[in-house]
Amino acid sequence: MLTQDQLKKQAAEAALELVAEVAGPDVVIGVGTGSTADLFIDGLAAFKGRLRGTVASSERSAQRLAGHGLPVLDLNDVASMPIYVDGADEIDHSLAMIKGGGGALTREKIVASVAERFVCIADESKLVQRLGRFPLPVEIIPMAREVVARRLAALGGKPVLRAGFVTDNGNHILDVHGLDIQDPKGLEGLVNDIPGVVTCGLFAIAGADVALLATQQGIRRL
Ligand code: 5RP
């Protein structure tokens, strides 16, 4: 019986096989944030010298990449990347996701938007029939906390300020509990349109292109 950490490592290794297919001196790889992404970063160290570099979705991942001697580039200097590899808090069968458990959702969405393919790596426990059991992270401008919280409550959620947490962008996070997410794309648009919201952790309008889900029986590819 594999542990959850061993499953995460399997998913990360499956994504490294995709990196091997595209690696080259001009190639930049987009890198996500979280415990699964950390395992991917550790494996990516083997590609040192075989890539132009990486773009990180958080300061945490940037430090880990740099610790392995992998070049970390400014997104402003990168026009394209073949793949972006990241974990998820939940993913459904349409490959829509909830992300942002680590608070890096905004940079994750930005870096992912530049990549040709979003490769989601996770253990199979992240696969759900319907998104919403995991509280939806919403990055907000601090002065807008209460007005955004009222608007989220009007959408049926219970927003809770993530205590003592400041994002890499200097903002706060509201974790929204109790949302019944029947229409992930519609809700993503509604939440993102609230003034004061930087972005929400729904990745549905642009979801994953492929999910590599580690199971006790091996990798399940969606
Ligand atoms: C960070 C994220 C992560 O991808 C998500 O929280 C999953 O993390 P983990 O791989 O540790 O389960 O969105 O903002």
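Just so it is clear, glycine is given a Cβ too, placed from its N, Cα and C backbone atoms.
Feature annotations, reproduced from TrEMBL:
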- T33, G34, S35, T36, D86, G87, A88, D89, K99, G100, G101, G102, K126: substrate binding site (BINDING)
- E108: active site, proton acceptor (ACT_SITE)
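Sequence features, as recorded in TrEMBL, placed on the structure.
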residue: T33; record: substrate binding site; DSSP (3 states): coil
residue: D86; record: substrate binding site; DSSP (3 states): strand
residue: K99; record: substrate binding site; DSSP (3 states): coil
residue: E108; record: active site, proton acceptor; DSSP (3 states): helix
residue: K126; record: substrate binding site; DSSP (3 states): helix
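In sequence order, G32, A37, A122 are the residues of the same chain, not among T33, G34, S35, T36, D86, G87, A88, D89, K99, G100, G101, G102, K126, whose CB sits within 8 A of the CB centroid for the substrate site.
Distance from the CA of E108 (active site, proton acceptor) to the CA of T33 (substrate binding site) is 8 Å.
The binding-site residues K99, K126 differ in how many other CB atoms lie within 10 Å of their CB, and the one with the most is K99. Taking the C-alpha positions, the distance from S35 (substrate binding site) to the residue listed as 'active site, proton acceptor' comes to 14 Å. For the recorded positions shown (S35, A88, G101, E108), fewest C-beta neighbours within 10 angstroms: S35. Within the set of binding-site residues T33, S35, D86, K99, G101, K126, T33, S35, D86, K99, G101 have a CB atom less than 6 Å from some atom of ligand 1. Neighbour count (other Cβ atoms within 10 Å of the Cβ, all protein chains): 29 for T33 (substrate binding site). For the substrate site, whose annotated binding residues are T33, G34, S35, T36, D86, G87, A88, D89, K99, G100, G101, G102, K126, the maximal Cα to Cα separation is 16 Å. Listed in sequence order, G30, V31, G32, T33, G34, T36, A37, S57, K99, E108, A112, F118, V119, C120, I121 are the same-chain residues six or more apart from D86 (substrate binding site) with CB atoms under 8 A from its CB.
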